[in-house]
Amino acid sequence: MKDLPTDQNKQLSPRDILKSKAEKWQLNMASEEFARKLDQNDLLRHFREEFYYPTNDSHVQDEKSHANANNECIYLCGHSLGLQPKRVRKWIDVWLNDWAKLGVRGHFEGSNPFSDCDNRCIPTLNSLVGAQNGEVAISFYRPTSDRFKILYEERCFPSDEYAIESHLKLHQVDSTAGKVILRARQNETYIRTEDVIELLKEHGDSIALLLLGGIQFYTGQLFDIETITRVAQQYGCVVGWDLAHVVGNVPVKLHDWNVDFAVWCSYKYLNGGSGGVGGIFIHSKHFDNEYPSLNGWWGNRKETKFLMKPNIDRDCGAKGFRVSTPSIHQCATLAASLEVKSSSNIKIQILTPDDPEQRGAQLSLRIINVNAREVFDELTRLGVVLDIRNDVIRVAPTPLYNSFMDVYRFVSLFKTIQFTSSQTKQ
């Protein structure tokens, strides 16, 4: 648990730790008093004050709502959009003031020169993803007649599948022949690492690229990134990871694990706001590779960027893959959030693995015996913010700003609708 960072506690499951605390405090684990006691002893509790917390009047648009309009809602949707850090306005105001006072000179002058705005975010991102300098800022799919397949997981995020399909078409590879799709076993909800390895044994010599979501966006499963990367590379595969649900959620060591490349967004657990800037990681072993790429002006070295040369003077590493001028506003929201971090009887089927080593903050709940939309709507009326994908409700208690009391209130409210949501699944 987040308030017990000792080696001894690494051997205990979250359930064991909570049980031990309940016995120590002589409290019922299912009681409100226990949740309050956990919050009082939470080492991260001060981070909650760093974020604006929505109230029910902003989220509950239903005259039948049972939630007090002035109370804070129970926000469990950090996997879709993180909350706004209170420092965002300060960061944006600084850049807006420089823009107003300096105009074009703001590119190079002022407290945060525009031309360097994205670099302010890189040191903290390096520590979050386990990267070295220059690896964070894709021309890694290079099919041959013998090695042309792309391995990815079933029900990956649509953008990943669109990108895979686009690259296959771009290289004139047959869509069906070029895909190796990783699936869970029958009657199982998440993918076993041994099944990934078996698929690599079967197709490894013909796979050009493995591209998986570090945390599967639908089930919430955290893949064993280190093991899968190592085995795939033993078969000669280039390995990439979509870390949209990982960065800011669980620690990773991309450089040490020898990951070839990775991509992620900043609007979920990094709290960078909707449409926030994305991030890329490229291992330093690829810095000298002359892979074909689509270049842009912002990929020039800082020293020659404004000399407007006809040929690109490509920057080293991930920075060379940048295409256009980053938005100072998006960098401001991300920088503000990273500043905080650097200081940081409804029958259901839980799709997310029980093992804490195989998951992050997200919990995916498949509603079995009632209409999932009915459950979702009732939770919304009660002031809970989460999201739904078909019959799966996804919740994510985010450590930086969610409290144990949030979890207690959510579970308590969930129990109250078990007997009121009467519409069965069609």
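Just so it is clear, glycine is given a Cβ too, placed from its N, Cα and C backbone atoms.
In the three-state DSSP scheme, ASP160 (pyridoxal 5'-phosphate binding site) falls into the helix class. The Cβ of ASP160 (pyridoxal 5'-phosphate binding site) lies under 8 Å from the Cβ of TYR152, LEU211, GLY213, ASP242, each on the same chain and at least six residues away in sequence. Marked as pyridoxal 5'-phosphate binding site by TrEMBL: SER139, PHE157, PRO158, SER159, ASP160, ASP242, HIS245, TYR267, TRP297, THR325.
Residues annotated as N6-(pyridoxal phosphate)lysine in TrEMBL: LYS268. LYS268 (N6-(pyridoxal phosphate)lysine) carries neither a helix nor a strand DSSP state and counts as coil.
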Length of the line joining the Cα atoms of HIS245 (pyridoxal 5'-phosphate binding site) and LYS268 (N6-(pyridoxal phosphate)lysine), in Å: 7
Cα separation, PRO158 (pyridoxal 5'-phosphate binding site) to LYS268 (N6-(pyridoxal phosphate)lysine) (Å, whole number): 17
Spatial neighbours of TRP297 (pyridoxal 5'-phosphate binding site) that are distant in sequence (at least 6 apart) but have CB under 8 A: LYS305, VAL323, SER324, THR325
